[in-house]
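Everything below concerns the one structure shown next.
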Amino acid sequence: MAFFSLFFLMISFAVVAEGHQINDSPIIGVLAQEVRTPTPGKNTYIAASYVKYLESAGARVVPVMINKTEEEYTKLFKSINGILFPGGGVSIFSSGYATAAGIFYKLALEANSKGDYFPVWGTCLGYEKLTLLTSGKSLLSHTNTSGVALPLKFTKESTDSRMFKDFPKDLMTSLANKPLTENSHEWSITTEKFTANKKLKNFYKILSTSTDGQTEFVSTVEANDFPIYGTQWHPEKNAFEWTREYIPHSPAAIRTTFYMAQFFVSEARKSLHKFPSKKEEQNALIYNYQPTYTGTKSLFVQKYYFD
């Protein structure tokens, strides 16, 4: 019964903007990134937890390969209903991941400015890349946050934010008082640096901050005028990663995963992009690839590898 209650709560949570047609078959791109040591057939990867995360809220997933042309990315952009820039360990300045993220960010700004709804999400490294794209420079500072679960300190803006306004009050209380958000980053943007940068301050609302005990950093944002979102923490790990003891798996932690997933997928439902044909859609889906169990030697339980 508890599962079905959560399911119906998630469905009722779906955010439907007035005036938007709703797409009940959303397809979201997840950006791949370089592996540290390439081997034949394993040059790039996507952690399977991001795929499960989006699928748990009713989306299908397309892997977005790196090192494609802008023309190829533009075609894919017009076919999918949102994109997620995942966490990872590649450069946000000079990698194939960074280049592709920059192209999709630009396309999303252009499309949304014309009323063509297209949401973008950045997690951890992806959030850091979003702030770099918005501000034009790196504002990262070292923090002691590499492998720790933390509570969120919500701002006043979070109350009526698109992201959190429909979260249950008891879950918001738990997020504020319990260590439910998994952090796997050595670099953060301090609240001071974030608010001092006019481009970031004007573009984003800070929804939450967190602290390593010494330094307060921005942990959750949403853009003021665009469906662009970022978390320095990992909402997908609570339910789908099991390789580290510090990842929270309590009922409240699991609810956090699914409410965050449901929110972003509900945003993707507002996008009416679609593939030119059913065949192209089927060929693009991640169902064409098999995940590999990597939990004995990696932070991730499973990965999808690509050439």
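Every residue gets a Cβ built from N, Cα and C, even glycine.
Residues or ranges marked as signal peptide in TrEMBL: 1-19.
What TrEMBL records for Cys124 is active site, nucleophile. Sequence-distant neighbours of Cys124 (active site, nucleophile): residues of the same chain at least 6 apart with a C-beta under 8 Å from its C-beta are Pro86, Gly87, Gly88, Ser184, His185, Thr231, Gln232, Trp233, His234.
Summarising the annotation, TrEMBL assigns active site, proton donor to His234.
TrEMBL lists His234 with the feature active site. In the three-state DSSP classification, His234 (active site, proton donor) falls within a strand.
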